[in-house]
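Asker: One structure follows; several queries about it will come next.
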Amino acid sequence: MTRSIKILGTGCPKCKTMSNLVHDVVKENSIDATIEKIEDIMEIMTFNVMSTPALVIDDIITIKGRIPSKEEVLELLK
Amino acid sequence: MFDWIQNIADWLIYGILGMKAKSHLAEALNFFIYDSSKILILLFIVIFFMGIVNSYFPIDKVKNYLSRNKLYGLEYLVASLFGVVTPFCSCSSVPLFIGFVRGGIPLGVTFAFLITSPLVNEVAIGLFVGLFGIKITILYILSGVLLGTISGFILQKLNLEPLLTPWVKEVLANAQREQDKFYKEKQPFIKRLPVIWNEVMNILRGIIPYVIVGIAIGGFMHGYIPEGFFQQYMNKENLFAVPIATVLAVPMYSNASGILPIVQVLVAKGIPLGTAIAFMMGVVGLSLPEAMLLKKVMSLKLIGIFFGVVTLCIILSGYLFNIIL
């Protein structure tokens with residue numbers, strides 16, 4: 001099943017770090033997933049998060065307000 | 001408490017490098033090593049401690065608390081106090097603002113949080129302890145909290161809701177004292193530790209270059225600017241010094257980490273502490289990039305009023321510091 005990954009962030013350095021990290025994890029482990037970066041604040045607000053960057057996997061908020069480690073992301077995608 | 005760092009610095013400079021004591025360069029290097037080690041250790045302790053607090057006290061909890069409880073006028077102070085223990089990066093200010101407003105938290109209370117949170121953060125506290133000592137640090141924290149409380153209260157009384165952008169007004173109309181469900185991380189401390197540790201290292205890695213450069217510049221100035229040099233221009237009697245310092249500081253967006261060590265030298269060379277603190281608060285608390293972000297939720301007029309009220313309060317606290325210190 002293709003996983004759907006969304007990264008919510010308004011474009012601050014932290015959000016970019018998170019985005020690169022997730023891309024790396026998906027690539028390195030050949031995970032079948034779509035990655036979408038959401039930068040529009042109104043769209044971000046529909047997810048009800050208050051701190052960015054946030055990582056949404058299959059429409060569930062998994063991480064918010066901090067940059068996770070690669071292992072953590074991999075664990076979440078398993 | 002920090003004698004051992006001094007010993008290490010002495011050993012390194014006079015022992016290992018074999019430099020002569022009393023030479024200017026040796027003393028400058030010694031001071032630099034002592035100062036930067038001490039400050040980095042303090043920063044580490046404060047950031048780590050705040051990381052632990054924050055891990056158990058996420059922003060969602062703060063929001064739910066403020067939204068649920070009637071606090072009879074104390075809500076400004078409570079929001080401001082929450083701001084101290086809840087760091088947030090300025091790019092989160094908009095989602096945070098909307099989240100608060102949607103939870104039915106009054107605009108002024110939201111402002112109180114938004115003002116104190118960047119003003120009194122873990123990096124600033126760590127640096128203040130290292131550079132100015134505990135007493136001044138506590139004064140700084142207290143005035144930061146009061147500043148947020150008072151500014152928030154004033155902003156609430158100004159009835160600014162009509163100045164929000166249309167889509168935020170819509171959010172406001174649908175506001176309810178709802179309790180957002182959030183995914184509680186029910187993890188034992190030992191499992192949280194790696195996450196907290198990573199955050200601490202991330203923050204430290206980001207600020208260390210600024211701290212080092214700041215201390216180096218500070219150390220250099222220390223040797224070359226004569227004692228009391230600024231006294232003639234910026235003494236306490238000069239009533240314009242505080243407002244000018246504050247207004248200059250507002251558009252500046254720097255890491256407190258780079259500027260604080262320099263400010264400390266300026267204070268040592270005769271700039272009154274209140275003036276210096278007003279400058280610091282302007283730099284740390286208000287910034288143009290933040291104003292740009294807030295444009296998504298506020299009209300320019302509202303941003304102007306917000307910045308105006310906070311600037312005014314900073315100037316007042318600068319005067320207050322100069323009077324009592």
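Cβ atoms are placed via backbone N, Cα and C, with glycine included.
For reference, TrEMBL lists these features for the protein:
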TRANSMEM  B:39-59  transmembrane segment
TRANSMEM  B:71-98  transmembrane segment
TRANSMEM  B:104-129  transmembrane segment
TRANSMEM  B:136-155  transmembrane segment
TRANSMEM  B:207-225  transmembrane segment
TRANSMEM  B:237-254  transmembrane segment
TRANSMEM  B:266-288  transmembrane segment
TRANSMEM  B:300-321  transmembrane segment
Asker: By Cβ distance under 8 Å, which residues at least 6 away from the ends of the transmembrane segment (B:104-129) in the same chain are close to it?
Answerer: 39, 42-47, 49-51, 62-63, 66-67, 75-77, 79-84, 86-88, 90, 93, 96-97, 136-137, 140-141, 144-145, 147-149, 151-157, 160-161, 175-178, 203, 207, 211, 255-257, 260-261, 280-281, 284-285, 290, 306, 310
Asker: Output the single range from B:71-98, B:207-225, B:266-288, B:300-321 maximising the number of Cβ pairs under 8 Å to the transmembrane segment (B:237-254).
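Answerer: The stretch with the most contacts is B:266-288.
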Asker: Check for me, if you would, whether the transmembrane segment (B:136-155) reaches the transmembrane segment (B:207-225) - at least 3 Cβ pairs under 8 Å, residues 6 or more apart in sequence.
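Answerer: No; fewer than 3 Cβ pairs under 8 Å.
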Asker: With Cβ-Cβ distances below 8 Å as the criterion, list the same-chain residues six or more beyond the ends of the transmembrane segment (B:207-225) that contact it, or say none.
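Answerer: Long-range Cβ neighbours of the transmembrane segment (B:207-225): 24, 28, 31-32, 35-36, 39-40, 43, 123, 127, 254-255, 257-262, 264-265, 268-269.
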Asker: Below 8 angstroms Cβ to Cβ, which residues of this chain, lying six or more residues outside the transmembrane segment (B:266-288), approach it?
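Answerer: Counting only partners 6 or more residues beyond its ends, the transmembrane segment (B:266-288) has Cβ contacts under 8 Å with 90, 115, 118-119, 121, 124, 132, 136, 140, 143-144, 147, 221-222, 225-231, 234-236, 241-242, 245-254, 256, 259-260, 307, 310-311, 314-315, 317-323, 325.
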